[in-house]
Amino acid sequence: MLRTSGLALLALVSAVGPSQASGFTEKGLSLLGYQLCSHRVTHTVQKVEAVQTSYTSYVSCGGWIPWRRCPKMVYRTQYLVVEVPESRNVTDCCEGYEQLGLYCVLPLNQSGQFTSRPGACPAEGPEPSTSPCSLDIDCPGLEKCCPWSGGRYCMAPAPQAPERDPVGSWYNVTILVKMDFKELQQVDPRLLNHMRLLHSLVTSALQPMASTVHHLHSAPGNASTTVSRLLLGLPRPLPVADVSTLLGDIAKRVYEVISVQVQDVNECFYEELNACSGRELCANLEGSYWCVCHQEAPATSPRKLNLEWEDCPPVSDYVVLNVTSDSFQVSWRLNSTQNHTFHVRVYRGMELLRSARTQSQALAVAGLEAGVLYRVKTSYQGCGADVSTTLTIKTNAQVFEVTIKIVNHNLTEKLLNRSSVEYQDFSRQLLHEVESSFPPVVSDLYRSGKLRMQIVSLQAGSVVVRLKLTVQDPGFPMGISTLAPILQPLLASTVFQIDRQGTRVQDWDECVDSAEHDCSPAAWCINLEGSYTCQCRTTRDATPSRAGRACEGDLVSPMGGGLSAATGVTVPGLGTGTAALGLENFTLSPSPGYPQGTPAAGQAWTPEPSPRRGGSNVVGYDRNNTGKGVEQELQGNSIMEPPSWPSPTEDPTGHFLWHATRSTRETLLNPTWLRNEDSGPSGSVDLPLTSTLTALKTPACVPVSIGRIMVSNVTSTGFHLAWEADLAMDSTFQLTLTSMWSPAVVLETWNTSVTLSGLEPGVLHLVEIMAKACGKEGARAHLKVRTAARKLIGKVRIKNVRYSESFRNASSQEYRDFLELFFRMVRGSLPATMCQHMDAGGVRMEVVSVTNGSIVVEFHLLIIADVDVQEVSAAFLTAFQTVPLLEVIRGDTFIQDYDECERKEDDCVPGTSCRNTLGSFTCSCEGGAPDFPVEYSERPCEGDSPGNETWATSPERPLTTAGTKAAFVQGTSPTPQGLPQRLNLTGAVRVLCEIEKVVVAIQKRFLQQESIPESSLYLSHPSCNVSHSNGTHVLLEAGWSECGTLMQSNMTNTVVRTTLRNDLSQEGIIHHLKILSPIYCAFQNDLLTSSGFTLEWGVYTIIEDLHGAGNFVTEMQLFIGDSPIPQNYSVSASDDVRIEVGLYRQKSNLKVVLTECWATPSSNARDPITFSFINNSCPVPNTYTNVIENGNSNKAQFKLRIFSFINDSIVYLHCKLRVCMESPGATCKINCNNFRLLQNSETSATHQMSWGPLIRSEGEPPHAEAGLGAGYVVLIVVAIFVLVAGTATLLIVRYQRMNGRYNFKIQSNNFSYQVFYE
């Protein structure tokens, strides 16, 4: 939107058509814009007047005296420039507005209007936040920038005066703009121009109403767009439909605006938008709200409000569940007979992130930041008061500290000011140096957004910088040892001189500051490497799954040391040690109810008997890697003694493993994490111990037997195991996990259940469980478990890459470079939705092998996300066909199902049969349930079981989609996850825009949900009905010239329109939901095709339009004569190079029009040194360019002698083109009779890529002017000599004829006279 006015002018002319090309003022303002006024302007203009002047000239007088000269009066006409006043009407911005591009906006000095937030600054109030500001947009949420103590700080606005009538009407307005958000930030860093343009458009469209507009948020949209959200206030309520109609005019008049959506705002959710007092109930209305006292009800309220309360009990059992790195769930109880509406608010510090109301007693929050402390306040109105309670929650993360001492800088006042230019430059350079020092695995985390780095403080001496590194779900064990390699590159920095002694990597101690952890005030905070855990000091922990957060009961008397009840060993008092690089010990505190203290190295502690049986011990981090809940809860009468029980050991990642001895058990978990936990919240199945009280009489050193094994919660990264076993003294279980893709993992536990996470998706794991006691090994149980993922196998043959022996070595640089190019090219050709799945890890591509012939790449596709397998396969096949730089042989490229049954990679138990399906398999129980001691909880053995395809994905589905802001998911306590959500038409239909046809895919689940028969569906005409059908989708296709499909084209876009209908019924009566949905595909006409470097001749390029709806595929080919030019071809100055640019797939009514072609000495199409040879679709004079055809067919051709007017030895060619569709009233042919150069302001922004180059042939100096050869020089000299000789001969002959010929020879007969002859 903020591009140059000339660019937008050309775009708008293209959009409205040539007939409206005059719709602009002389200043470039669009006549379709707002706030335009006519002004009478008087100014001086220059005009030319003809004036006759006389002067005296002396000429010859004539007569006998030739030198005599006489005066003569001579008259001549002179043209003088004079300035005269002229008045005329000029269309310009109205008073109070100024021009910005094509439109009129408020000036920047009125930023208080277009950057303001609702409400007013409080006259008196609490201390503001520490965030300094200059404008309201610098503050989070709805806070305002208010003056306070000589400065300006962010503060909560003052509440409005209470009124009985609605004081205003508020709406959410979402505007989608044709501008890439990153480009917008580059040209407008603070978005001030963007805000004032949106403000002017909205307020002008609603005139004469006095509206107020507040900018809330701008973010990147899909396919190079920007989404802006505004808060619109009107003086009186209007229906949402009326406001939407008024604002919809913006999209019709402003080319850069794609759409405008309007929604009602629930003013009751935001204290800043309603004036209801604490004793009143706020009732939301469309466009407004109503404040209701206890004695009255709103007459216009859509529902009856319960205004009487009998009791006001407090909110109890307020706990947090399912805490992850970006989400959590809160639940509570209220012992009341009334139905209450709860108001839940989430704060980050003093910033209000979200406010919501719900009638349930649970709420899920997603889209949060990792490692951040949040405060959740839940309240309800009762007995005329606000009954509330507050809970503190910190999202999971691993946090580390990096301290850097820089000696070549001094700490100054400007460096302490975070708004100064010096601080910005210093922080940017420092963070860049640290980022460059990251090892590869940490660098990948940083680029993927899973590692957040921030400067915490700057201290003197010279400059000591404290960095805080927050890691979210790294996917592998993360510890200080992982970050330690950054120290050596930092010390070698060329920008900063770093002191080795003052630079270190260490753990971030959350326990030092209460603002860094969420432990209860009645709990100890115990620091761990990368995280922390909490330990209640009371007699009861209300949430054992998150220990130390909700402590109840009496406090245990604090003591300096405690006596172990079993061993009598005195242990020292509790400490909060900090794990740093090189430390191997950790701090462990006793469980609730036991003496306080921490065992020293090599010591053991013995808890009292636990009242639970068959429980699970937490012996490692969970999959969120927080270390919380590391507290141990031992079974029944188990006793922990040093000789017989293993001692805890810590691997470099901070994971605590239990082994018999360190010498014999050094196998680490590597990427696999062990989590033994209670099964309550997670839904895992733990089997009870089969022993009774008599089982305690089992001999102490006899391994127990293992009974039935239950496998549950199988996801793409882990699963849960539980097994039956007798209870015995000194008995442990050893688990061995092996797979073909990772080393074996050995772990020991005394529990009968374990949860494994951090595994690779779609991998078959062999599990062995063995009971041990006193060094003796018992019976072994074996089973197979395959992590969930659908799998495809494929092969692609690449013609223009030669096979190298180095490809046999996967670690060689050539192999890695080729894979990097392959992945980058394939990803760049995938649609945006598929790229999002790949970025989120929902779809993974793994190269299995690279073999000869030319290059054959075999790969696997792992599909974890809830996306159709055929859609993934089709997307990758299309990407292979259109991938740039790589020439793919289509006939030898395929993607097919991966047969797990044939390859024996299924986990079906003996007695069941494996049946292969597309992307997965099923286990069928023929003849009843198998008699096998392994049971899969998600596989009911009744005929054909649902199999992997059913249970592999459901546990992975999140409650909400993580975004940039917190989002609420309203619900109650955990419910069964297998119930499918109801689909709407938008979510069930996917439109695939292809050249020459439109394809619509509809989910069958939606058709079954709405009872819509497949036979009733068609596109515009009944002949274009369902063409393909599988188990999940139906497909409908319509060609561009079939079934009444409409095609419209202008200078900018080609739009194909059809309609999805389902009113086709053989009986003539429709008994189902009727669908009448318009469908359109937009293709961008303006394309840029460049010639640049490639591995082989020819390039296919996909240029998507701004909406990503469709694309045209272009091809550029170079010839000399009829022979195509290979890569890096050399041509001479006299060679005519013929260039063809056109569409890859032929369509008779689509024409290609070249608009501009130029050459550059580098592969950068935007190189400042350019040589234009086609401009405004016509050849530029004196460039030896001849246009053969342009606008006549689906390809354009021209010839040129490129090195006849360019002195460089290497050039790259670039061309812009547009796609044109001929109609009876319009032609695409170009007329170059009235040629003019296209001005810079008329260029159009297009996508770019390079290919080439062309090289001047050897023997010609790169900078020599084009000259004549030696042969031509000889011919010219001879011709000149002949011409001179002939001219001399003619002159001599003429001279003789005019003067006669004299003969002085004496005649012999008469020698007395000389005879004269003429």
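Placed from the backbone N, Cα and C atoms, the Cβ positions cover glycine too.
Straight from Swiss-Prot, the features:
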DISULFID  Cys37-Cys94  disulfide bond
DISULFID  Cys61-Cys70  disulfide bond
DISULFID  Cys93-Cys104  disulfide bond
DISULFID  Cys511-Cys525  disulfide bond
DISULFID  Cys519-Cys534  disulfide bond
DISULFID  Cys536-Cys551  disulfide bond
DISULFID  Cys901-Cys914  disulfide bond
DISULFID  Cys908-Cys923  disulfide bond
DISULFID  Cys1157-Cys1215  disulfide bond
DOMAIN    264-313  domain 'EGF-like 1'
DOMAIN    507-552  domain 'EGF-like 2'
DOMAIN    702-791  domain 'Fibronectin type-III 2'
DOMAIN    992-1235  domain 'ZP'
CARBOHYD  Asn89  N-linked glycosylation site
CARBOHYD  Asn109  N-linked glycosylation site
CARBOHYD  Asn172  N-linked glycosylation site
CARBOHYD  Asn322  N-linked glycosylation site
CARBOHYD  Asn335  N-linked glycosylation site
CARBOHYD  Asn417  N-linked glycosylation site
CARBOHYD  Asn585  N-linked glycosylation site
CARBOHYD  Asn713  N-linked glycosylation site
CARBOHYD  Asn984  N-linked glycosylation site
CARBOHYD  Asn1050  N-linked glycosylation site
TOPO_DOM  1294-1318  topological domain 'Cytoplasmic'
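Where Swiss-Prot records a feature, it is marked here on the structure.
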residue : record                      : DSSP class
Cys37   : disulfide bond              : strand
Cys70   : disulfide bond              : strand
Cys93   : disulfide bond              : strand
Asn322  : N-linked glycosylation site : coil
Asn335  : N-linked glycosylation site : coil
Asn417  : N-linked glycosylation site : coil
Cys536  : disulfide bond              : strand
Asn713  : N-linked glycosylation site : coil
Asn984  : N-linked glycosylation site : coil
Translate the DSSP assignment of Cys901 (disulfide bond) into the three-state scheme. coil
Using all protein chains in view, find how many other C-beta atoms are within 10 Å of the C-beta of Cys914 (disulfide bond). 19
Pairwise Cα distance for Cys104 (disulfide bond)/Cys534 (disulfide bond) [Å, integer]: 59
Cα-Cα, Asn322 (N-linked glycosylation site) versus Asn172 (N-linked glycosylation site), nearest Å, comes out at 32
Looking only at the recorded positions Cys61, Cys70, Asn984, Asn713 (N-linked glycosylation site) has its closest CA neighbour at Asn984
I'm trying to understand the geometry here, so how far is the Cα atom of Cys551 (disulfide bond) from the Cα atom of Cys93 (disulfide bond), in Å to the nearest whole number? 66
Using the alpha carbons only, what distance in Å do you get between Cys536 (disulfide bond) and Cys94 (disulfide bond) once rounded? 69
Between the recorded positions Asn335, Asn417, Cys519, Cys923, which lies closest to Cys61 (disulfide bond), Cα to Cα? Asn417
Any idea what the Cα distance is from Cys534 (disulfide bond) over to Asn335 (N-linked glycosylation site), rounded to a whole Å? 29
Given the recorded positions Cys93, Asn172, Asn417, Cys901, Cys908, which one's Cα is the least distant from that of Cys511 (disulfide bond)? Asn417
Tally of helix, strand and coil residues over the domain 'Fibronectin type-III 2' (702-791) according to DSSP? 0 helix, 59 strand, 31 coil
Rounded to the nearest Å, what's the C-alpha distance separating Asn109 (N-linked glycosylation site) and Cys1215 (disulfide bond)? Just drop the number here, would you? 43
Shortest C-alpha distance to Cys93 (disulfide bond) - which of the recorded positions Cys525, Cys901, Cys923, Asn984, Cys1215: Cys1215
Enter the number of other CB atoms within 10 angstroms of the CB of Asn417 (N-linked glycosylation site). 13
Between the Cα atoms of Cys70 (disulfide bond) and Cys37 (disulfide bond), what distance do you get, rounded to the nearest Å? 67
Out of Asn322, Asn713, Asn984, give me whichever of these glycosylation sites has the highest number of other Cβ atoms within 10 Å. Asn713
